[in-house]
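Enquirer: Here it is, the structure in full.
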Amino acid sequence: PRVCVVGSGPAGFYTAQHILKHHSGALVDIYEKLPVPFGLVRFGVAPDHPEVKNVINTFTQTAHSERCAYYGNVTVGRDVTVPELQRAYHAVVLSYGAEDNRVLGIPGENLPGVYSARAFVGWYNGLPENQDLKPDLSCETALILGHGNVALDIARILLSPLQLLRKTDITDSSLAALACSKVKRVWLVGRRGPLQVAFTIKELREMINLPGTRAVLDPADFTGLENAVKDSSRPRKRLTELMIKTALEKPVEMQAAVAGAAAPREWGLKFQRSPQEVLPSADGRRARGIRMALTRLEGSGDSAKAIPTGDVEELECGLVLSSIGYRSLPLDPAVPFDSQRGVIPNSSGRVEGVPGLYCSGWVKRGPTGVIITTMNDSFDTAQSVLEDLQGGVLDISPSREGFGLVESILRSRGVRPVSFSDWEKIDAAEVARGKAAGKPREKIVDPAEMLRIIGH
């Protein structure tokens, strides 16, 4: 059987890995729109979290299997359609992730100084489409809307001492911009309370321990939470206890103040505030602050809803980052898509109403969870493919040409795919440039330059 996987992020690679491992005859081709593989492991994971990127070693092993092939620089839905892939393969798995962000839907959202977290993360991680972002970091106060791990990643990158970032694979241009940044205070704002934050304890602890930075948590926000959290899960309990402890600790910077040292950078969490409007500067040319509705919570735990109280509050900030979630987009008119939920309707990864078509990862279940969540989800979809192969649901008697057919389609449209060994040349060039700068790699951010390196 010939199987095709669209997308080379964690979902794509884990799906391929599981099929190859549990079917000794299956051939798997992975298609990717960029020349370079690995999706959010390369473009989403924070540069100062190199250990999370170790999964790349596993993905590389999968790509080296003689039953697996990688075709980069191919945009499915444009260079080749899903129906064309279905004619070439016995099964097609869509694992292309979430390439857009949810919008706030408030006035002022499009003012200069307002960015989506997705674009900002893409900018410092070298995602080609975000290279011209040029975020304005000339203000002292930044505000991040959202209480997830991505929001904490961004706060950490904005406040980290440069000597820590210099040793990472953060891009050269964003490092230069951060070196001139005036940002010294970051507020992370959420509509709900401390018991509903979505970040994890590891990320919170890193933020609390960031050198030269102090946490500003209001003890009043945490009153009575010890009792409220008694019946919560252990991770939620430990996370809340760490926030309470941080809020109640007496700061040590009195000694620093006595010594005449300047106040360090700071960050804080604000709760039960919902953005209403980004406020423009006097000339209307940029963001100068945000107006927020104060909320009260109805219900408890994860299902608590934030209801506006009628009171509002304004906060001065020249940089607003919206971290309220990523969003998947429809890929091809031939594929059913639930635009309300931003997913492909499916059951256990089988796309509804289209036999032989599957999905895995964020486009299957929505943009939530960490790499391990995506791994389990992809194994689940791969299992559905294997069951359908074994149960005769997928008819593999007609032989399919696989890449042979796709190659002639691509050639007729002037598209030249990039192989995995091509990627390894780009990889080697990045590592060599990084070594010269004393970092693990210097990412190449221009696809045209990537193609020049491999002689395309």
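Yeah, the Cβs are placed from backbone N, Cα and C, and that goes for glycine too.
In case it's useful when we look at the structure, here is the feature table from TrEMBL:
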{"type": "DOMAIN", "residues": "2-158", "note": "domain 'FAD/NAD(P)-binding'"}
{"type": "BINDING", "residues": "Ala11, Glu32, Leu40, Val76, Trp362, Gly369, Val370, Ile371", "note": "FAD binding site"}
{"type": "BINDING", "residues": "His147, Gly148, Asn149, Val150, Arg191, Arg192, Glu203, Gly369", "note": "NADP(+) binding site"}
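Distances, neighbours, how buried they are, the whole picture for these features please.
Expert: Mean model confidence of the domain 'FAD/NAD(P)-binding' (2-158) amounts to 97 (pLDDT, 0 to 100 scale).
Counting Cβ atoms from all protein chains shown, Gly369 (FAD binding site) has 14 others lying within 10 Å of its own Cβ.
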Enquirer: Counting Cβ atoms within 10 Å across all protein chains shown, which of the binding-site residues Glu32, Glu203 comes out on top?
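Expert: When each Cβ's neighbours within 10 Å are tallied, Glu32 leads.
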Enquirer: Cα distance, Arg191 (NADP(+) binding site) to Gly369 (FAD binding site), nearest Å?
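Expert: Approximately 20 Å lies between the Cα of Gly369 (FAD binding site) and that of Arg191 (NADP(+) binding site).
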Enquirer: Here the binding-site residues are Leu40, Val150, Ile371; which one has the lowest number of other Cβ atoms no more than 10 Å from its Cβ?
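Expert: Among the binding-site residues Leu40, Val150, Ile371, the lowest count of other Cβ atoms within 10 Å belongs to Ile371.
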Enquirer: Fewest other Cβ atoms within 10 Å: which of the binding-site residues Arg191, Arg192 wins that one? Let me know.
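Expert: The binding-site residues Arg191, Arg192 were compared, and Arg192 has the fewest Cβ atoms within 10 Å.
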Enquirer: Give me the count of other Cβ atoms within 10 A of the Cβ belonging to Gly148 (NADP(+) binding site).
Expert: 20
